[in-house]
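Novice: Have a look at the structure that comes next, please.
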Amino acid sequence: MSLDIKKPNITKTKKKKTGFVVKMQLNNNRGGNKRNIFIFFFFRNYYTWILWFCLSLYFFTSYFSVEDQSSPSSIRLLSNHKTSSSLPSRALIESSAIKTTSIGLFTGMKIYVYDLPASYNDDWVTASDRCASHLFAAEVAIHRALLSSDVRTLDPDEADYFFVPVYVSCNFSTSNGFPSLSHARSLLSSAVDFLSDHYPFWNRSQGSDHVFVASHDFGACFHAMEDMAIEEGIPKFMKRSIILQTFGVKYKHPCQEVEHVVIPPYIPPESVQKAIEKAPVNGRRDIWAFFRGKMEVNPKNISGRFYSKGVRTAILKKFGGRRRFYLNRHRFAGYRSEIVRSVFCLCPLGWAPWSPRLVESAVLGCVPVVIADGIQLPFSETVQWPEISLTVAEKDVRNLRKVLEHVAATNLSAIQRNLHEPVFKRALLYNVPMKEGDATWHILESLWRKLDDRSYRRSRVLSQREVDM
């Protein structure tokens with residue numbers, strides 16, 4: 001026995017009820033308040049779109065309210081340019097890749113630039129245009145940028161630092177075209193004697209608040225060969241000063257046993273711009289792994305040392321005939337046009353750990369592959385190099401192809417995206433006049449950070465001045 005129970009048609013009942021309500025509203029408002037009817041139907045039909053609009057507006061305004069609370073300098077560095085990078089990429093850059101300090105904070109720091117006789121600086125540029133454009137020309141660029149900088153003071157009594165503009169890397173007297181440093185120590189010693197005779201500031205602090213540039217192989221040791229650099233060491237009269245040098249390692253080394261800042265080598269900004277303008281229109285990089293430079297098939301034993309510790313020779317022998325490796329031992333003036341076509345740019349050590357390839361590859365969008373154990377990269381406290389480069393141990397150079405293939409299959413696109421951020425290019429290039437966030441600006445930031453640590457020296461100087469008065 002079964003009961004045949006018919007369920008009421010709920011849907012139809014609801015529809016009729018709804019229709020009845022609407023009819024009542026229509027009848028009650030006929031010839032009267034038609035606006036209420038419009039509002040009712042508008043919200044009934046478009047409430048989903050209205051809800052999405054309100055939520056979007058909320059998240060949009062919340063994003064910018066958070067942005068306003070971020071580092072002002074980081075925002076300015078990123079807001080002055082248009083970028084096609086995604087929001088996650090931008091967040092990565094702002095949070096970790098570049099840590100910056102607002103330029104306004106530099107207003108409390110003053111630098112006095114000595115007006116030395118031209119024989120210490122300008123005469124070298126007059127003798128050779130290369131003095132202001134070759135890879136060691138940071139000494140010229142920094143000097144020129146400081147002359148027009150807001151931190152410069154014409155009153156030495158209010159200075160926190162004293163900049164000594166001596167160009168030691170412009171003596172192009174060698175047969176290979178590289179500058180000789182044989183005169184560097186005597187030229188610097190002569191400059192210090194001049195300061196001691198004509199100004200009271202060097203003697204007052206023993207040079208501890210004076211800044212020099214050493215933009216060549218082994219920095220403050222002023223020698224191109226490491227064994228000789230170590231043997232001669234840092235000139236005694238400079239051991240209390242601050243050295244801006246391209247040489248830097250993470251381990252103890254006689255040539256950096258002085259207060260110093262590791263800076264990038266000089267690359268002319270105009271040459272970078274020209275290379276970018278001549279890059280393939282489609283942005284295609286048809287060279288997978290690139291290196292052009294000195295590579296010895298049979299490296300010579302020079303005082304027990306081999307050029308590049310044999311790393312470049314190992315690269316040549318292992319990958320010289322490989323299709324995906326573009327290796328060339330000969331010089332080519334237009335080699336930057338090859339960098340903009342390359343995915344990976346090999347940066348092995350030479351006699352010294354650093355090379356201009358580090359900067360050239362990074363600013364031209366080619367991933368720098370650093371092969372130099374223990375190297376200290378420029379501005380490592382502010383520029384997060386792991387975000388824009390690879391590091392391969394010297395002992396692993398024979399596995400280089402596998403390393404690059406792994407990166408290409410995993411995080412290559414993220415590294416390339418970071419490299420395209422203008423903040424990186426700006427941090428590694430020198431401009432005259434200085435631009436916020438460029439290489440000279442980061443040098444000033446490093447000096448500014450040192451002020452607290454050096455405040456006792458400043459107070460000591462002021463106390464001594466009062467005694468003298």
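Each residue, glycine too, has its Cβ placed from N, Cα and C.
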Novice: Check the candidates N9, N411 against Swiss-Prot and report the one noted as N-linked glycosylation site.
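Specialist: Residue annotated N-linked glycosylation site in Swiss-Prot: N411.
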Novice: Looking only at the topological domain 'Lumenal' (58-469), report the model's average pLDDT.
Specialist: 87
Novice: What number of additional C-beta atoms lies within 10 angstroms of the C-beta atom of N301 (N-linked glycosylation site)?
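Specialist: Taking every protein chain into account, the count is 8.
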Novice: Specify the secondary structure state of N203 (N-linked glycosylation site) as given by DSSP, simplified to three classes.
Specialist: helix
Novice: Just the number: how many Å between the Cα atoms of N171 (N-linked glycosylation site) and N203 (N-linked glycosylation site)?
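Specialist: Rounded to a whole number, the Cα-Cα distance is 29 Å.
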Novice: What three-state secondary structure does DSSP assign to N301 (N-linked glycosylation site)?
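Specialist: Strand, per DSSP.
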